[in-house]
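Enquirer: Sharing a structure with you now.
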Amino acid sequence: MDGPVPVRRRLVGAVAGPARTGQAGRVTSSPDSPAPVASAGPTSAAERSLAPDLLRGIALLGIALANSVSFIVGRPTGPLGRPTDGTALDHVADVLVGTLVDNRAFPLFTMLFAYGFAVILRRQAAAGVDGPRARRLLLRRSAWLMVFGALHVVLLFDGDILLSYGILGLALAALYRASDRVFRVLVWAPAIVFLVVAGADGLTGDDGSGSLLGGDGTFLGDLAGRAITLAGLVVATPVLVGSLVPLAAVGVLLGRRRVLEDPAAHLPLLRTLALVGMPVSVLGALPLVLAAVGAIAADPVALYLLGVLHGATGVGGALGLLGLVGWAVAARARRGHPAPGPGLGALVAVGRRSMTCYLLQSVLFAILLEPWSLGLGVGAGTARIALIAIGVWLVTVAVSVALERAGRAGPAEWAIRRLAYGRPSAGPAPAQPVSAG
C-alpha cells in the first residue's frame, strides 16, 4: 500500500496480557469440554464493533492516496515515490500526503488485520471450537488471501499487500497458542527488518523512462511485467512479511485486550496513543517530506536514514489515529450509544467491506490511470493524482453504502468467507460484539 509499494518494486527489481480464552483470544480446550464444533460462522453486521470498521474506512482513504502515485508514468521520482519536478500545487499535495498518509495508513491497516485474527480466535473459542479446528480455519483463510493477492498482482497492481497478508496470516495461525510475552518479543525482535525496509522510501525512484520491470504501456505488456513481479516476490515477500511482523504483533496484543471493542475500558491507553503518537508522527515525517519537495538537500545516506525515521514514526501515527478514533467512540458510548450519522455510517460501511474496496480501488485506478486505458496517470502531477484518489475512494464509499442499505456483504468478503468457512449454517450468536471475521 503506501510504504511497501516503491520498496517492493525495488526489492523485486533487484532479483527480477492474560492468556485464557475470552481474555487473550487464544483457543484452549479441556477434557470436560463438549464435543467441538467445526467452526463458528463469520461475524454478522449486527455483531461488529464500531471502532475497527471506522478505522478501516479511514485507512482505505489513506491507502488510495498512497497507492495512487504508483500509477504516475513518465515522471522522474524521488523519495516516497513522488515526482521530483512537480509544481507548487503538487508540492502542497506531497507535503500533506507525505506527512499524514504515507507510511501511516498502511501500518494501521496491518494492525487491524492482525487485530481481526485475535477476534476470530476469540469468536471460535466462544463457540466451542477447539484449537486445531480454529487454526485450520485461519490457515484456509490465509491461503485464499494469498490466492487473491497473487491474482491481484498479475491482473491489476504490483503493489498488492494481500499476498503478504496471507503469508503473515499463516504465521499468525501457527502462533495461535503463543503467549502475550511471545508477541511482545515479536514487536521488537524483527523491528530491524521493518526499519531496513522503511529506509528504502528515502531513496530515489526511477527516471520516468519506463517501468522498472520493462512494461511497454500496453495491457499485455503490463500483464507480463506484473507476472515477473509475482515471480520476484518469491524472494522479496519474506523480507516484506518480516517487516510486517512487529505491526501484526501490536495488533494481536490490542485485539486480545479488546481495546477497540471496549474503548471505554482503555481510555488512558487510547488518550496516550493519540496525544503522543500524532505529534511524533508529524514531526518524524517532515524531514523526508521536505527533502522530497526539494526544500532541504540530503545525500543518499541521509535520505535513507530519513526514510527510516519516516517509517518508524509512521507507526506512531497509526497508533495515534487508532487512539483518537477509539477515544471518540468511547465518548459516543458515554452519550448513550447514539447511532452513527450518515458520515460515520458511510465510513463504517467501507470498513465492513475493506477487501472489496481495496480491490475496487485497483480496478478504478487501472481504468483511469494506466496508459493502456484512459491514461490519466501519464505525466500526471501528484495534486491531480490525489484528487483522483479521493474520487476513487468516494466511489467505493457509494458502493459500500448501497450494499449496506441492501444488507449485502462486499463480493470479496462474501467469497473469502465462503471459501474459509464453507456454506453458512445456523448457530448461536456470541454474547459480545466482535469486529472481524
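Cβ coordinates are placed from backbone N, Cα and C, and glycine is handled just like the others.
Quantities reported herein were computed from a predicted structural model and do not represent experimental measurements.
If you look up TrEMBL, you'll see 1-43 marked as region 'Disordered'. The annotation compositional bias 'Low complexity' is assigned in TrEMBL to 29-42. Taken from TrEMBL, the feature transmembrane segment applies to 54-73, 105-125, 137-155, 161-178, 185-203, 223-254, 275-297, 303-330, 358-379, 385-403. What TrEMBL records for 254-422 is domain 'DUF418'.
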Enquirer: Let me check one thing: do the transmembrane segment (303-330) and the transmembrane segment (275-297) come into contact, meaning three or more Cβ pairs under 8 Å with sequence separation of at least 6?
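Expert: Touching, yes - the transmembrane segment (303-330) and the transmembrane segment (275-297) meet the threshold of 3 or more Cβ pairs under 8 Å.
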Enquirer: Please report, as numbers and ranges, the same-chain residues at least 6 past the borders of the transmembrane segment (54-73) whose CB is under 8 Å from any CB of it.
Expert: 1-3, 5-6, 80-83, 97, 100-102, 104-106, 108-109, 112, 157, 159, 208, 217, 260, 321-322, 325, 329, 344, 346-352, 354, 357-358, 361-362, 365-366, 369-371, 377-380, 382, 385-386, 388-390, 392-393, 396-397
Enquirer: Across the whole of the domain 'DUF418' (254-422), what does the mean pLDDT come to? Round it, please.
Expert: 94
Enquirer: Against which stretches of its own chain does the transmembrane segment (161-178) lie, if we need a Cβ under 8 Å and a gap of at least six residues from its ends?
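Expert: Contacts of the transmembrane segment (161-178) (Cβ under 8 Å, skipping residues fewer than 6 from its ends): 1, 4, 26-28, 106, 109-110, 113-114, 117, 121, 131, 134-135, 138-139, 141-150, 152-153, 233, 237-238, 240-241, 244-245, 248, 252, 355, 358.
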